[in-house]
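Colleague: What follows is a structure written as structure tokens; I'll ask about it next.
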Amino acid sequence: MNKKIRVRYAPSPTGLLHIGNARTALFNYLFARHHGGDFIIRIEDTDRERHVEDGERSQLENLRWLGMDWDESPETHENYRQSERLPLYQKYIDQLLTEGKAYYSYKTPEELEADHAKQEAAGIAPHYINEYAGMSDDEKAAYIAERKAQNIEPVVRISVDEKAIYKWNDIVKGDIEFEGKNIGGDWVIQKRDGYPTYNFAVVVDDHDMQISHVIRGDDHIANTPKQLVVYDALGWEAPQFGHMTLIINSETGKKLSKRDTNTLQFIEDYRKKGYMSDAIFNFIALLGWNPGGEKEIFSREELIELFDEHRLSKSPAAFDQKKLDWLDNEYIKNADFAKVFELTKPFLVAANRFDERAEELVKLYQPQMKSADEIVELTDLFYGDFPELTDEAREMLAAETTPLALSTFRAKLAELPENDFTVENIFPLFKATQKETGVKGKMLWMPIRIAASGSMHGPELPETIALLGKEKVLAHLDAALNK
């Protein structure tokens, strides 16, 4: 690539960072870093009605948490928010008006709605009908004067050549073309409040910031021909476009929707649950891109080195919550204990469980956790009531050899002094019980695990027994023997 690579992530501060937007940011970041280019953050805040307080801060904070950095942003550069760039937009709107490539439109929202209703009733796709069509200059002047007298504020529309073909070679999808007649007619580039519309402002911004590539979701494909209209009108070279496929829910096969409250979709949600940022970064990087091979766990450095925009998938990317949980568990299992302990601390504190056993409990459950917040539920045994047994667990306790195995193991535990109730001293008791009773394998370990912890699965049993403490374990074993 001869041209300096400059890409941007340009969120609207209208809410939290969605997983889909995070993917857009991440792919642009990987693309820029792989090619030694610039990654730019720009805030598109022209939609004042949907503006959310702290929306910008939330976007940047969560991108930073994911491990991304950037070369230019509103934090370091002036006029990187669209609301600060209004004079620049006005300059080019005035240029288009002067050149006759744009014009003031006085049709009211009610009139436009009525036009669209008639078109729909006739089976025609809604499109703008030029209000000046067929008017003489005098008629046009009289019409404008009448509208001004009624205090109707105009919008500015750009003229669309309906005979033109707008085409581009998409990085992901290959050659795409749109007929001008399908754009929907002359469209608004400046609203009544003086703010530019998205499709106009984004072109001015991308040109002004020398953006070389625009990589975004394929819900923007319909915006691209509109933006090409502006590039042509202003005589500018368009960047190269790439449109990533949709993200779908792996269980339903439907587009991932913010209205789907059963699926966590915001980066903030994963932060609050104690997921590791490295795992989320890794997971998102594989949503619609794959370097090939069977490997699924990559460091940020590996992803930057391997990233190839030509391997972006043409098929929808499946968001699989189970896969994400598996990945986070892998990261937690292999992370430094100090990092995992720090991650679990807020949850232990909130549950009033940050006591002298906290470190040992986190060590015990580190291999099991799919997210740090699970430490509370996992440690319920140590702080709450004995769990309700499953039918399968009850069947195991009802086995013919269970009473002998439990009573023998219980007697040996009881002989251990309180100060010697450690993993090193507990572990040999299993072998001693096996030798004395002849009960071995699953028929020995499983009833003891169920009786001591209430579960058929869990962390290392000797460690669990040691942390529960002698008094509690003996009480649990007695309860099982007396049933």
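For all residues, glycine too, the Cβ spot is worked out from N, Cα and C.
What Swiss-Prot shows for this protein is this:
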MOTIF     11-21  motif ''HIGH' region'
MOTIF     255-259  motif ''KMSKS' region'
BINDING   LYS258  ATP binding site
Colleague: The motif ''HIGH' region' (11-21): which same-chain residues, six or more beyond its ends, come within Cβ distance under 8 Å?
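Modeller: Non-local partners: 41, 43-45, 47, 50-52, 55-56, 58-59, 62-63, 217, 247, 256, 258, 265-268, 284, 287, 319.
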Colleague: Within 10 Å of the Cβ of the residue listed as 'ATP binding site', how many other Cβ atoms can be counted across all chains shown?
Modeller: 13
Colleague: Averaged over the whole of the motif ''HIGH' region' (11-21), what is the pLDDT?
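Modeller: It averages 90.
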Colleague: I'd like the per-state residue tally for the motif ''HIGH' region' (11-21) from DSSP, helix first, then strand, then coil.
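Modeller: So the motif ''HIGH' region' (11-21) is made up of 3 helix, 1 strand, 7 coil.
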